[in-house]
Amino acid sequence: MSSSQSSPPAFQTALLAGALAGTTVDLSLFPLDTLKTRLQSAQGFFASGGFRGIYRGVGSCVIGSAPGAAFFFVTYETTKSLLAPPHLVGTTTGDTKQAELSGKGTGGLSPGVTHGVAASLGEIAACAVRVPTEVIKQRAQAGQHGGSSLSSLQHILNQRGAIGLTGVWRELYRGWGITVMREVPFTVLQFPLWESLKKWGRERRQRTGRGLFGDSARGKDDKDVSAPESALYGSLAGGFAAALTTPLDVLKTRIMLSERREGVVSVVKGIWRDGKEKSGSGLRPFFSGIGPRVMWISIGGAIFLGSYQSVVNAFEGTKQTKGTGELSL
């Protein structure tokens, strides 16, 4: 294997990088997420808390961010390796390696399809952690149950006598379907675009000998984009995907905050009816909170994918250093 080739990120690397990236972005941008949730609430922005208590629900965020993001990236990287053409396995680090032909890869999928499928499966895996966390977090953010994550969780658990264990489980996973419906289109837009921008960045580096931010901002062994470059591409891809999927996000928020379980069709009709009554436009409420959402995810995409790239580059650089006995900066 040539020196320009290396293996995909190890399982432990993807696990740790994803966990650190998820925790960093969720905690740093939590206030914007709270404002977005209150704008989308059926009770209205100020009735849900306005600008007060913007860190309500942060406890559930602290607990759920790391495992959710780790689940995503482990599934994402593994699926990419399995679905890539047998002769070439592309990774988030930008490297390639000769794949074993024994059962590895389908050999027929384009990079865009591979990245889209991998991201979709990653989001479905992450939702196993994300949905209960979101239910508890958003109820606290909207001021329900005293604005406390613990009280919101206890309220759900205390219903066991009336609805049984299965009912409690369904309540914790309320909005699972619409969350997946939101996340899959979002990632199908975001991650292939991010990977395409990174590919463009790597090709540009090969042509010019410089990264987008100069020679000082390098990826590992100059084969991949640097963390700041990945952050820029993540911000552009995230903001674009966020704007287009805002209606799905509004639906998810309304379903999770409703006092009783409602179907998606019923919620859609209710939002449309409220919009016609309040503003004369049934479509307008579906884009409630689009400003904070695009801002939050644009900044979040930069922090999330920049942090992930930084950790991966650092870990892969350390492995290169151990293999060559030279210091890799």
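Glycine is treated like the rest: Cβ placed from N, Cα and C.
Feature list (source: TrEMBL):
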- 9-82: repeat 'Solcar' (REPEAT)
- 110-200: repeat 'Solcar' (REPEAT)
- 225-314: repeat 'Solcar' (REPEAT)
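Confidence in the repeat 'Solcar' (110-200), given as mean pLDDT, stands at 90. Taking H, G and I as helix, E and B as strand and the rest as coil, DSSP gives the repeat 'Solcar' (225-314) the counts 74 helix, 0 strand, 16 coil.
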